[in-house]
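According to TrEMBL, the features are:
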{"type": "ACT_SITE", "residues": "Glu267", "note": "active site, proton acceptor"}
{"type": "ACT_SITE", "residues": "Tyr354", "note": "active site, proton donor"}
{"type": "BINDING", "residues": "Gln135, Cys136, Gln137, Pro237, Tyr238, Gly239, Gly240, Met241, Glu242, Arg514, Leu515, Lys516", "note": "peptide binding site"}
{"type": "BINDING", "residues": "His266, His270, Glu289", "note": "Zn(2+) binding site"}
{"type": "DOMAIN", "residues": "425-558", "note": "domain 'Peptidase M1 leukotriene A4 hydrolase/aminopeptidase C-terminal'"}
Amino acid sequence: FRRRRRNPCSFSSFSKCLTRHLNLILRVDFDSRTIRGKVALTVEVLEDKFSVLTLDTKDLKIFKVSANGQAAKFELGAQQGYKGSPLEITLPFELSRGQNVIVEVEYETSPSASALQWLSPAQTAGKKHPYLFSQCQATHCRTMLPCQDMPSVKHTYYAKVPSLNPSSRSRMFSEIVCYVLCREIGPRSRVWSEKEYVDQAAFEFSETETMLKTAESLSGPYVWGQYDLLVLPPSFPYGGMENPCLTFATPTLLAGDRSLSNVIAHEISHSWTGNLVTNKTWEHFWLNEGHTVYLERMIGRALEGEQFRQFKARGGWKELQEAVHQFGENNVLTNLVPSLKDVDPDDCFSCVPYEKGFALLYYLEELLGGPEVFMGFVKSYTQLFAYRSVTTKEWKDYLFTYFKDKLDILNKVDWNGWMYTPGMPPAFKSYFCLINRLLSIDKGDFVFAPLSDSPSLSIQDPLPQSHVKRMQEVYNFNSVKNSEIRCRWLRLCVKAKWEEAVPLALKMATEQGRLKFTRPLFRDVYNFDKFRDVAVKLFKEHRDAMHPVTATLVSKDLKVDQRTGF
């Protein structure tokens with residue numbers, strides 16, 4: 001008896017067959033904002049008498065399907081929310097376990113495909129050419145091609161992308177032209193961006209090779225060869241995306257002072273925890289992000305010292321408190337391992353898997369012998385499960401195997417409290433209990449005092465408006481360009497009901513589309529009753545310029561119906 005595997009976010013028949021290779025030819029039409037594609041999937045069969053497979057799709061037009069060159073029958077099922085429509089393909093023959101079949105599908109995407117963002121020339125830095133980028137995490141790849149859209153399916157690929165010249169009246173297809181430039185920033189790294197950003201990006205990311213070498217000293221060899229960075233337009237919704245060999249990065253990192261290199265350390269860390277070892281389903285997303293935050297901060301520790309790591313961790317703990325407060329302390333989506341049955345993974349995207357995952361690993365580090373000892377486990381884990389996808393149970397089983405001489409300690413851990421209980425993690429003594437917050441201002445001096453020892457505190461109350469005005473007088477935070485500091489500052493101001501800060505907050509929310517900044521800024525202005533309608537109106541005006549993921553999530557925050565716009 002073989003236990004049937006489950007993935008609540010996919011229709012594909014991954015227990016019956018697995019994609020091993022993918023050949024992709026895409027023709028990009030900027031005028032219609034569609035892609036005409038032909039994908040050939042090399043599929044390995046996992047059972048005898050195999051003749052039917054199912055692929056994930058969403059909003060795709062399917063024109064033709066074949067199997068080993070023979071026409072195959074297919075049926076596109078009804079759309080089921082974010083999961084899209086199952087594409088059921090009936091082969092013209094039966095196959096046995098271990099055999100391969102090449103399934104070829106000709107299709108076209110929708111202009112509203114959530115994996116794709118089409119930018120007009122006006123939305124780019126150069127203002128001359130249109131721009132297209134894709135972002136498939138978590139379940140958006142199915143809007144770009146029929147596939148087994150899940151992190152447990154790993155395969156090689158080959159892609160060819162001709163492009164339709166948008167100025168060609170004859171509508172002839174030509175090879176795509178790249179309007180970005182690159183700069184060498186190390187022996188195995190380049191940075192790519194529009195020419196307006198490329199020199200600044202090369203400066204900001206000049207320490208990439210140092211971080212790569214530090215990560216290798218911690219986790220083992222970097223196996224992907226090249227490590228390049230692509231700086232995308234401002235609407236990119238994330239700080240970075242760990243595509244193997246080419247990290248996508250937000251231009252909000254270009255702060256002019258190299259202060260945000262921890263984001264690059266994070267994406268480099270994904271080369272081991274995320275790309276090399278991957279969560280099997282999105283319910284186990286913390287395996288990717290918790291370990292990556294842990295490794296990112298270990299890189300920071302190696303380069304800057306232990307106090308730097310603790311400083312970053314304290315900030316992360318505060319972000320976790322705020323996320324739990326936003327979701328609600330009893331919301332199961334704050335579980336480290338949430339159930340995603342009938343839940344779109346994008347709806348529960350937050351810092352919870354990042355910071356709650358890191359907190360667990362730091363807690364185990366304290367219990368089991370310190371950072372060097374626990375980093376030995378992380379390195380062993382990534383090497384053992386290299387090129388595989390794993391579950392939380394597999395991770396935990398290996399933890400118990402690796403620390404077999406410390407089972408008495410591991411058996412005392414409240415695993416249910418950490419993994420399957422909502423809210424903040426179980427209490428434990430660590431530096432997380434010593435996080436500071438601003439209490440008062442006395443004669444222009446800011447006085448800090450420790451919180452209580454309870455790690456389940458909610459986020460701090462809004463500061464008095466007089467406090468933030470005094471902070472502006474002393475530090476002139478309104479002139480700061482660093483995006484992380486600017487967002488935190490503007491949020492303090494809006495929560496303090498300082499009306500002069502509202503236009504600045506909305507400007508930052510719309511001039512870039514990074515979810516980490518755009519969502520909370522819109523949310524805070526929306527919660528300022530006097531400006532609620534202003535926030536909704538501005539969102540509607542800028543919605544079409546936002547990435548589809550950003551637009552969807554902000555619309556939910558502001559209670560704007562995506563279908564009607566009201």
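Glycine too: its Cβ is placed from the backbone N, Cα and C atoms.
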If I take the alpha carbons of Tyr238 (peptide binding site) and His270 (Zn(2+) binding site), what is the distance between them in whole Å?
14
Listed in sequence order, residues not in His266, His270, Glu289 with Cβ within 8 Å of the centre of the Zn(2+) site Cβ atoms:
Gly240, Glu242, Glu267, Ser269, Thr273, Gly274, Asn288, Thr292, Val293, Glu296, Tyr354
Could you tell me the mean pLDDT the prediction assigns to the domain 'Peptidase M1 leukotriene A4 hydrolase/aminopeptidase C-terminal' (425-558)?
80
Counting Cβ neighbours within 10 Å across all chains shown, tell me which of the recorded positions Glu242, Glu267, Glu289 comes out on top.
Glu267
At the Cα level, what's the spacing in Å between Gln135 (peptide binding site) and the residue listed as 'active site, proton acceptor', rounded?
15
Can you tell me how far the Cα of Glu289 (Zn(2+) binding site) sits from the Cα of Gly240 (peptide binding site), in Å?
12
Neighbouring C-beta atoms (10 Å sphere around the C-beta of His266 (Zn(2+) binding site)):
24
What's the CA-CA gap between Gly240 (peptide binding site) and Tyr354 (active site, proton donor) in angstrom, rounded?
14
From the Cα of Glu242 (peptide binding site) across to the Cα of His270 (Zn(2+) binding site), what is the distance in angstrom?
6
Give the distance between the Cα atoms of His266 (Zn(2+) binding site) and Glu242 (peptide binding site), rounded to the nearest whole Å.
9
Any idea what the Cα distance is from Glu242 (peptide binding site) over to the residue listed as 'active site, proton acceptor', rounded to a whole Å?
5
